Structure formats: structure tokens, C-alpha cells
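Before any comments, here is the structure.
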Amino acid sequence: MADARHLSILEELERKVLWLSTWTIHNANHLRASEDGMKIGGHQASSASLSTILSALYFSGLRPEDRVAVKPHASPIYHAIQYLFGRQTREKLENFRGYKGAQSYPSRTKDIDDVDFSTGSVGLGVAQTLFASLVQDYVKAHGWMKDRPEGRMISLVGDAEMDEGNIFEALLEGWKHGIRNTWWIIDYNRQSLDAVIREGLWERFEALFRNFGWDVVILKHGSLMQEAFKEPGGERLRDWIDSCPNQLYSALTFQGGAAWRKRLLDDLGDQGPVTRLIEKRSDEELARLMSNLGGHDLPSLLDAFEKAREHDRPVCFLAYTIKGFGLPLAGHKDNHSGLLTPTQMEAWRTAQGVRPGHEWDKFEGMRTSQAEVERFLAEVPFVQKGTRRYSAPQVPVPEKLTFPANAAMSTQQGFGFILNELARSDHALASRVVTTAPDVTVSTNLGAWVNRRGLYARESLVDTFKKERIPSTYNWEFSPSGQHIELGIAEMNLFIVLSALGLSHSLFGERILPIGTLYDPFIYRGADALNYACYQDARFMIVATPSGVTLAPEGGAHQSIGTPLVGMAQDGLASFEPAFVDELAVIMRWAFDYMQREGGEPDEKTWLRDETGGSVYLRLSTRTLEQPQREMTPDLADDIRAGAYWLRKPGPNAQVVVAYTGAVAPEAIEAVGLMAEDRRDIGLLAITSADRLNAGWTAAQRARERGLVHARSHVERLLADVPPHCGLITVIDGHPATLAWMGSVMGHRTRSLGVEHFGQTGTVKDLYRHFGIDAQGIISAAEMIAPGRPIRHLKAV
Ligand SMILES: Cc1ncc(C[n+]2csc(CCOP(=O)(O)OP(=O)(O)O)c2C)c(N)n1
Ligand SMILES: [Mg+2]
């Protein structure tokens, strides 16, 4: 238990944090000239509701090994706390939400002040803490924790944030994995963005968390309230508080002491002791008492955190708070985008003892001496180890990834073979790869890998089929040394666990190379979580099969059209769609390296920003293709990584170039063969990555605009010798816009074939015909844009 001195300094720090965060927002809104007139909404009141909880955590409850996701709108409070620790600068606070200033929502990549998890899209940061604790357990189970203590993975959750479905998906998954060391602190201010929340929600939350095996700690009545309840009549007051509707409580909080008195006396007047309890307090004391909810009571919070540290069970703290606590807009239902007026701010500044011109001074207006506060801050447990982010050495990648030389296979099979070969090897890389899939492990071809490397669980679980000697292709045994994390069907969880695994080097100091598999169309289901994972700069590989309409008989529900565009547009994600397994092996080898890179110089050859590294998306297919029998030369491998190579180089008088991506390779090859007699010098371009081709092209243009006149991208070099009048046909089993930009590179007339509409069931042949991405479709497009004599193999269809 904290002593009185400790508490009093903490209280002062909490007031200071509230002041600084409110001033930060006020400064950004009223004082900094804002050309676009953008007002800041959603910060002042939301921040204030967490001022006490965050102060209790950062100034006392946290340990350096803990990792925290702070509710997005509490960012000013977070930054203020870090400012007091000397980890945030005044310049960045003065420039809050401005160009290169402190971010609106805590950002681990954009902010300088030790943010553990980015937040912004509500719900995702919450789930992130749960999966981070799963990863911490994984690291521990594999014997990599060394002497590092286990941290608590903590999320500050808005009560309205709890509406986000991904939180419930995570809860269920966490229960399956026996989640530990996770604290979710619900900021129960009973307000969302628009309104006051439903009555009795806390009871649903409580039942829900207990049902999933969590401890629930309800922090409702602060210590002042608890003292008052012990007075004569106190029980009556308690009953009144407990039955007061949320709306009314909020409204009275907003109105203040006199309103509290009137309402309480209307309800509880002439009732003996409780009336005296109310009457003996001044308006100010009454307002203080009534706003002394658990989430604003330092002693209750410190005590609760201390107790929770005694065990490793997951804990949900339901902390009653007041949105806008301590500010004139406290409790008002419209306060989400509310701001203190300059007059209110002026009055509040005076009340805080802050002199004009000293608003940013850390110790301004404090009763305790600067020296004592500084000493206190220096002794805070959280800051005892300096920077808390770890780094981890790179895991070496083998020179070559191998696979059996089957004459025909699909890229999905190839992926399974490559992982199987890796699983058999004793290469260091193999021990650092973790696979995970949302109930599609077998159907995405991870079976062989899992058979060799096993499923991960904190506690071993035998495969009953195996034990009973019932023949089965798959060995489904769980153990702490397993390397596959099996998830239930929830793609949100897949991307969030990838995000946690892919940050392991930074969070826990141990490098993990995660691979997640899923069906390509379900990337949309988890797209926001995928974006979130990339935004945090987590490093992972996603392997998506089946894709496109190529899974023909499965029908429209499972076909993906727009995912190649998602892959191109997603920052931090390099996307590939190889046709052949030897290409895939080159790409995967490169990917394992790319996932571990940071810093360095841009590549002058491709103009790709490969130095920074990132995550990788492989859009693969279940279609079996004849494999080219060829030697993988260094040049060919370079081209595959850069995004394209000539399968057949066009001659000097080329009339047509066909550029294809992925599973439609046989159609493109066939079309080129069929046109050869009627069009001159046809070229065939194999595109392994529309994303990287496009990115390199954009970067090279930008470089030239900045004066680097010799900058040339890979696609520019490839197309440089194609004559200007040559027509370009692009073809992909995906949205045609993926490759349509290629016509702009050198100004070639272009027709882009692809899929724009939901598909039918049918054979691959049926559907390729339906969408015009078969050889005939390519030929008819060629005849239109590269006029000449009729192409004799073009059939009337
Ligand atoms: C996925 C997503 N949808 C919508 C929003 C916009 N938004 C930001 S905060 C918020 C709700 C705020 O309520 P709560 O979580 O209770 O926090 P409080 O403002 O009460 O502190 C909403 C809808 C968002 N950030 N992310
Ligand atoms: Mg709320």
C-alpha cells in the first residue's frame, strides 16, 4: 500500500498530467494557427476519463516489462506522462496533431515516446494485448525468455469500444489458449462518441469475462465514497448511487455540487442520517464525493493493480470513470468533441496555479518541491530500465529453399513442399518460423509442416487418433515446443496474432518469423487488422489460397477479385503472385530476409525501398500447372524478386506483348503460341509482383523529378525496347486494374483483362472463358489493339 506522501505526489502528478493534456489540446485548437480550421474532437473529455488510471499505472503500477495499448483518444494523457518522464518533447506536444508533431492516437512507429502498441481503430489494440501475451508464452515455452521477467499485457479499453466484435473473437481464442498475464481495464465512463451507453452493461461484461475464466475487479466506489458509506446513513447513499441511471449521473456530474445537493435532497431528504451526511458537506465537497468513482481514486487503483500482480490470471478491471473528469465539460453527453472555451481555460489555469507563459513548465503550480518530484519520477519502477524496446539479431536464411522437382504442381502445393523441406532441415530459420491458420491449416497445405513441427500449446495434449492407432494423415499433437498456432475461424484474430508474433523481436527480444495462411477472399474479413499489423510495422508472411476464380467449382462465395489491389495498396506489405514453384522458392527465401530488415539505402537498380523491409503477401493458387524445367540463374532470381521477367523476349518489330500474372500462365503461353504466325515478334512477360513493379516505377519517377535523371525502374528497363506501336495485353485472375497502369510506363496501347464480377461455379475452362481470360480472350484483345491480318486461331465464340 502506498504511503501518504507517495499518494500526495501521485495526486499532484495526476493533476499535472490532466493539465498538460488539456493544454496540449487547447494549444493545438486555439493558439496554433490552423489554416484548415480543423478542430480537434474527441480528445479532451476522453483523455480526462483516463487521467487517473494512466497516472496510477505509469507512475506506480507498471514495470518495464509490461506492454500497454492505450485507448486512442487518451493519447494526450499518454504523451503528457511521457513528457514528464523526459521521453516526449515540448516541441512535439506544441505541435500535437501537426506535421511531425505528437500523434492524435498513440503510434509505435510515428511517435517518439515509447509507445508499445499503436491504437486508433478501436478494438484492435485490445485484442493485440491478448495475442501479445500468447506470444510471450510462446517465447517462454521455447526457452527463449532467459532472465527476462514476464510482463503484463495491458489494454485501456473504452466502454463503447467493447462493442467491436473482434474483441469477443479474441476473448474466445484467448480462453482456448489458456491466456495469462493480460489486463484489460475498461474505462467505464458510460459514454460513447455519440451518447450515453445502456444501463446495466457492466453486468453483461462481468458475466462475460467470468465465463471466459477471467478475474473481474469492479472499481466503482472510490475511497472517499467508501468512507462516506461507513457514516450513519451511508448505506442509503450507496443504494442511491447504485440505482442512479447513467444519464442522470452524467448530467448531475456536469451540473456540479449544487445540482447534486438538490437532487440528493429531493430523493433522500428528511430521512435522518443520510440527509445529515449530505448536508454537512459543502457543494464542492459533495461534487468531489460524487465524482470519486473507482477509476478516479488512486488508492483503489494502486491497490487493485498490486493485487493483480500477485497472480498471472487474466483480469478485467471495470473502472467507473467520468468522461471529462476534472474539466467543466465533465459528464455532458455531447462532450466527446467538446473543448474548453478560452474563458473556461483561463479560469482553470488560474485554479491550477499555472502562470501565463509557464503552461509547459513541468513543475508549475505544484506544492511539492521540484527536487522531490524529480526524485519521485526518477524512482518510478516503469523507467528503471531505460528504453524498453528490444531488438534481436537477424536469423540467417539458407542460400536456397528446396522443393521436389515435380513435373506439375500448384503454387499452394509448392508452398507445402518448401515448408516441409524446411521443417526437415536443422537450419536455424526452421526453429524460428511459426505458422498459424484460422481452421484452414490442412486446406492451405500446412499439414506436412505441422506433422513435423507439431502444434503449440502451453500444455501437452496427445492426439487421440494417433494413440488409438487410428490411421490419419495428420499428427495433431500439441506441446510447448510446437511451432504451429491453430486458431478458430476468425481472420481478425489471424492478423492480430501475426501482428503480435511479428513484433516479438521488439516486444520480447526474440525473433519469430510468422507465416499465416488463409483463403484469399477472407483477407477482406481481416483487412482492418491487416492494415493495423502493417501500421505497427509487425513482420509476417501471409499466404492466401485459393484465390481468384481459379477455384472455379467452389463458386462465387470463395472467389477473390480485388485482393491483388489490396496487396498493391497496402503500405508495409510486398505482394507477389507467382505462377511457378521455382519462382515461389526464390520469393519465399527473399521474404524471410525482407521480414527482418531495417534501415539502409534504397536499391539503385529497382528503386524499391527494400532497405526498410516489411511484410509479405503471397497470393497463391490451387491450380496444377506444368512446371518449367530451367536453371534458376542469379539474374532470373533478381527479376522474379523485382516483379517480372521475359518468358519470351519480344523482337525488334513486336506487335503484341502479353503480360500475365499467376495461374493464367498456361492461357498466356497458349495465346502467344496461337498468335505467332499472324503477329510479329510477340513477347511474353511473366509478372511475379505487380506491386513491386509498380512501386519501383513510382519511386524511379519521383527520383527523376528530384534530379536523379538516371533513375530507371525494373519495369521501365523491361519495356524500354518494346516498340512504341506494340500493343500490350495484360491478364490476371483478379481485377484488371492491377496491371492496367503498365500502359502508362512507356505509353503502349493496353488492354487489361481480368475479373470484375462475381463468378459462377463451373470448370476453370468455363470461367476463364466467361471472363475472357482464356487464350481466346487474349487473342481477341490482341486482334483489336494490334491490328493486322486476322488471327487464324481466333475462333468465333
Ligand atoms: C473501428 C473504428 N470505428 C469508429 C471509430 C471512431 N471512434 C473513435 S472513439 C469512438 C467511441 C468512443 O467511445 P469509448 O470507447 O467509450 O471511449 P470514450 O470516448 O468514452 O473515452 C468511436 C466510435 C474508430 N476510432 N475506430
Ligand atoms: Mg466511453
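Placement of Cβ uses the backbone N, Cα and C atoms for every residue, glycine included.
Given the structure is predicted, the values throughout are model-derived calculations rather than measurements.
Features of the protein shown, as given by TrEMBL:
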type	residues	note
BINDING	Asp159, Asn189, Gln191	Mg(2+) binding site
DOMAIN	409-627	domain 'Transketolase-like pyrimidine-binding'
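Take the CB of Asn189 (Mg(2+) binding site) and look out to 10 A: across all protein chains shown you find 30 other CB atoms. Neighbour count (other Cβ atoms within 10 Å of the Cβ, all protein chains): 29 for Gln191 (Mg(2+) binding site). According to its DSSP assignment, Gln191 (Mg(2+) binding site) is in a strand. In sequence order, Ser49, Gly158, Ala160, Asp187, Tyr188, Arg190, Ser192, Val196, Ile197, Thr321, Lys323 are the same-chain residues whose CB sits within 8 A of the CB centroid of Asp159, Asn189, Gln191, the residues recorded for Mg(2+) being left out.
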